[in-house]
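**Student:** I grabbed these lines from TrEMBL:
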DOMAIN    401-436  domain 'Interferon-related developmental regulator C-terminal'
TRANSMEM  43-63  transmembrane segment
TRANSMEM  75-95  transmembrane segment
TRANSMEM  115-134  transmembrane segment
TRANSMEM  155-179  transmembrane segment
TRANSMEM  216-245  transmembrane segment
TRANSMEM  266-286  transmembrane segment
TRANSMEM  292-313  transmembrane segment
């Protein structure tokens with residue numbers, strides 16, 4: 001079920017990122033955040049999110065041949081478009097970052113991210129890298145509809161991993177090398193309103209050289225196309241996984257979700273179920289700004305966690321019970337499983353195997369620390385008020401002594417019984433005052449206990 005949830009959330013990640021990219025395209029096409037451009041409000045952003053989800057569901061309602069044709073377009077779009085971005089962006093940028101900055105510099109931005117620990121930042125980066133690889137397993141969900149699935153399925157997965165690793169890494173490097181001012185990327189007053197960091201990097205590069213944003217808009221459209229095709233593919237995968245689970249009666253109302261379209265032979269009901277849940281996940285966009293982070297976390301953790309179960313089962317399974325297929329890892333199988341399990345373990349860095357000294361201010365711990373700081377501030381403020389109140393009472397007692405009065409009020413008596421450090425100073429001062437004024441006089445009611453001494 002966690003795997004189903006992560007796939008449905010995966011549709012949401014693509015819809016959100018696609019809407020974010022489209023929002024930046026509209027902003028730069030109508031001006032900029034500083035130049036009177038139109039920045040889509042939350043209600044319009046939600047409409048774009050829903051629109052993308054509905055389009056993907058509609059396309060997945062048709063025959064598999066249509067999806068296969070679109071997937072071919074997707075491959076060429078992302079390979080050629082990715083190559084254009086990777087090559088063009090560093091060439092256009094007026095200045096590029098040094099290799100030492102790209103590969104060794106940590107920009108934690110603790111005020112923004114709440115992270116001040118480099119080791120913990122590295123552990124959290126595993127979640128980001130896992131999210132970047134999302135979708136390579138799509139071939140596995142379509143094996144029932146693939147010829148020679150026992151061989152072509154694994155080859156497709158490995159091929160996807162190779163392409164994603166090479167082009168994804170190159171894309172990230174191109175963006176990082178082309179950063180002009182890191183602090184400016186997240187500034188809500190910059191040209192892209194600080195909403196989408198890649199958009200600001202592209203804008204800085206093209207506007208710096210050509211004094212316009214046309215090139216940035218073109219490259220953003222390529223990025224938007226990647227999100228569009230990715231969302232379409234993940235919708236297909238999510239529907240197939242929920243359909244497979246419903247055949248085994250693993251979900252409620254399984255009889256409804258395992259039905260196939262009589263003509264197109266696709267699980268149409270499940271497709272629209274996934275789309276509906278995805279839309280519900282996006283509704284908080286209207287009020288909450290961290291929806292994308294939440295959806296991405298659900299998606300990534302559920303996805304890698306779902307794979308941990310069969311990988312662990314393969315590790316503990318006796319070799320005599322395992323029947324190898326035509327595509328087999330051979331002797332490398334157990335080391336690969338061991339590495340995979342521990343990589344997944346690191347992906348759960350916020351909750352598993354992370355020493356407390358690594359974690360200073362992230363996630364829920366950040367909230368705990370903030371609460372502690374607020375409590376400390378309130379306590380300090382309370383002490384200041386108590387000190388002010390204490391000295392006010394002491395001044396009142398002094399005034400009584402000066403006027404020859406000999407009776408303490410109830411509040412004064414309670415104050416002199418309190419083990420407060422401020423009161424120790426007050427007692428000392430008051431005792432000195434008594435000694436000066438008494439000159440042999442009996443201050444019976446004003447005798448103040450000070451340890452072994454007594455007046």
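Note: Cβ is positioned from N, Cα and C throughout, glycine not excepted.
Annotations in TrEMBL come from automatic prediction, not curation.
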**Student:** Which one, 43-63, 75-95, 216-245, 266-286, has the most C-beta pairs under 8 Å toward the transmembrane segment (155-179)?
**Tutor:** 75-95
**Student:** Please report, as numbers and ranges, the same-chain residues at least 6 past the borders of the transmembrane segment (75-95) whose CB is under 8 Å from any CB of it.
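**Tutor:** Here the qualifying positions are 163, 167, 170-171, 173-175, 177-178, 180, 201-202, 204-206, 208-210, 215, 219, 222-223, 225-226, 229.
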**Student:** Please work out the mean pLDDT for the residues of the domain 'Interferon-related developmental regulator C-terminal' (401-436).
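**Tutor:** Overall, the domain 'Interferon-related developmental regulator C-terminal' (401-436) comes to a mean pLDDT of 57.
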